[in-house]
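What follows is one structure encoded as structure tokens, with my remarks underneath.
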Amino acid sequence: MPKEKYEPPDPRRMYTIMSSEEAANGKKSHWAELEISGKVRSLSSSLWSLTHLTALHLSDNSLSCIPSDIAKLHNLVYLDLSHNQIQSLPAELGNMVSLRELHLNYNQLRVLPFELGKLFQLQTLSLKGNPLTQDILNLCLEPDGTRRLLNYLLDNLSVSTEQPPPRSWIMLQEPDRTRPTALFSVMCYNVLCDKYATRQLYGYCPSWALNWDYRKKAIIQEILSCNADIISLQEVETEQYYSFFLVELKERGYNGFFSPKSRARTMSEQERKHVDGCAIFFKTEKFTLVQKHTVEFNQLAMANSEGSEAMLNRVMTKDNIGVAVLLELRKELIEMSSGKPHLGTEKQLILVANAHMHWDPEYSDVKLVQTMMFLSEVKNIIDKASRSLKSSVLGECGTIPLVLCADLNSLPDSGVVEYLSTGGVETNHKDFKELRYNESLTNFSCNGKNGMTNGRITHGFKLKSAYENGLMPYTNYTFDFKGIIDYIFYSKPQLNTLAILGPLDHHWLVENNISGCPHPLIPSDHFSLFAQLELLLPFLPQVNGIHLPGRR
């Protein structure tokens, strides 16, 4: 950060005075810079209404203080307050996070507010000729002095923000009381791997709040507070899975399965510890593990390239993975849901899948192909399990239900989400970027090889998102990007969503000027998803032509 190239104002400022004739003819003035000079002692309050300004030149005046209202000029990228008599700066100056240059030379500043450390996009901070303390001046003289000083200020800024209010629990529908059901809850959470939590990416967060030892406490607290029956995590570091997450969650009755990204297989044991991957945990009192699977997208791309250069050069080079566990519901879960003894003899299985797709917005084609690969493999897993375990597990719906959790790195209007939620996508969808994938994509049709119909690749699931209709305005919240990229999908008609955990209070974020996460009070750049699902169970055999749903 910052990612956009900054063009400083032209020092040769040109002034054009509009003639009365131009004004009479309706000519509009467009100006984004303002200079005020002439030994001005105070500033008019009307100045703070000029929120369109990007540069403000206030040097060579007689200003002794700057009002806190200056923070209303939120579009400023350049502010020059040099050669004044300013003795102190308002803390609110730290909220002007668009600033790239701040010139404070030759004033009477003895201290700087720690809030200045929040100006993470600042490239130049000029402080010559001020009676500042020696440690501040020494920091300024070091290589990359501005960055070092800002880091020092931010790391020493006390956190006065109160904890966010609890996220609301949103009921969507009542459980089906007319038939046997099993209720269980699912969490999906990208925990932000330590190696990605850098000041370069998250310059607005103090270094101590990016530290994994600090963040992991809040992460595990959030996970445990939800008390989900199934937990799907992305960006879990290999070493942290075994030494932290598995240890903490096993103590609370969970078992888990984890796979690192494909690059781990070529690394030394020491390097492998820091590779992130996907994990699924489940409560052993409610589920029994039947099978576990890892899906490596680069291996699938290599095996199914069919001569496609895009498949080899774009998809195969990305090492994202997915994992899946086939779980059997324990009798106790069914009895807890129904409040009655479970008298059925059939096994009830469910497949839980978790994936993390490639991140780069320029690779929408890769995300879409990875999603197709994953769903194809999930379908294969379900089909094989159904055949090997025979009809005793299928019930009246004819297939094993699916819960799919993922950081898809794709917005709701993307080809990825269209593919999942509508059952298919056109082979000429814009997200393929007109690259040649057609021959290889037929291999991933969930309707079997050559399963394309009318130029559309389809899959055999009926998937629905637990968070529909804008229930969450964003699941990823950084300074540069705010949007929905995390999802919980489930298969219909066997599964329904009864309730979900709502979004973090938007007013809390705005009122506390939180421009991005992580934050000292929010440990990841993602917000967790949490849903209560209802699984419709097969009716017990008929007695005199009447179904007995769990003998209720």
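Note: Cβ is positioned from N, Cα and C throughout, glycine not excepted.
The repeat 'LRR 1' feature in Swiss-Prot is assigned to 52-73. Summed and averaged per residue, pLDDT over the repeat 'LRR 1' (52-73) gives 97.
Beyond the ends of the repeat 'LRR 2' (75-96), by six or more residues, the same chain brings 6, 8-9, 33, 51-69, 102-119, 126, 513 to within a C-beta distance below 8 angstroms of the stretch. Look at Swiss-Prot and you will find 75-96 tagged as repeat 'LRR 2'.
Look at Swiss-Prot and you will find 98-120 tagged as repeat 'LRR 3'.
Sequence annotations record features per position, and here Swiss-Prot assigns repeat 'LRR 4' to 121-143.
Among the features that Swiss-Prot reports, region 'Nuclease domain' is placed at 153-552.
Under DSSP, N476 (substrate binding site) is assigned to a strand (E or B) in the three-state scheme. Per Swiss-Prot, the feature substrate binding site maps to E235, E271, H356, P361, N409, N476, F481; the stated evidence is similarity to another entry.
Annotated Mg(2+) 1 binding site per Swiss-Prot: E235, in sequence order. Sequence-distant contacts (6 or more apart, same chain, Cβ under 8 Å) of E235 (substrate binding site) comprise N190, V191, L192, C193, Y196, D276, H356, D407.
Sequence annotations record features per position, and here Swiss-Prot assigns Mg(2+) 2 binding site to D407 based on similarity to another entry. DSSP assigns D407 (Mg(2+) 2 binding site) to a strand in the three-state reduction.
For D407 (Mg(2+) 2 binding site), other Cβ atoms within 10 Å of its Cβ number 25. Residues or ranges marked as active site, proton donor/acceptor in Swiss-Prot (evidence: similarity to another entry): D407.
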For E235 (substrate binding site): DSSP state (helix, strand, coil):
strand
Treating G and I as helix alongside H, and B as strand alongside E, what does DSSP give for the repeat 'LRR 2' (75-96) in helix, strand and coil?
5 helix, 4 strand, 13 coil
Within 10 Å, the Cβ with the most other Cβ atoms among the binding-site residues N409, N476 is that of N409
Sort P361 (substrate binding site) into helix, strand or coil using the DSSP assignment.
helix
Secondary structure content of the repeat 'LRR 3' (98-120), with strand meaning DSSP E or B
5 helix, 3 strand, 15 coil
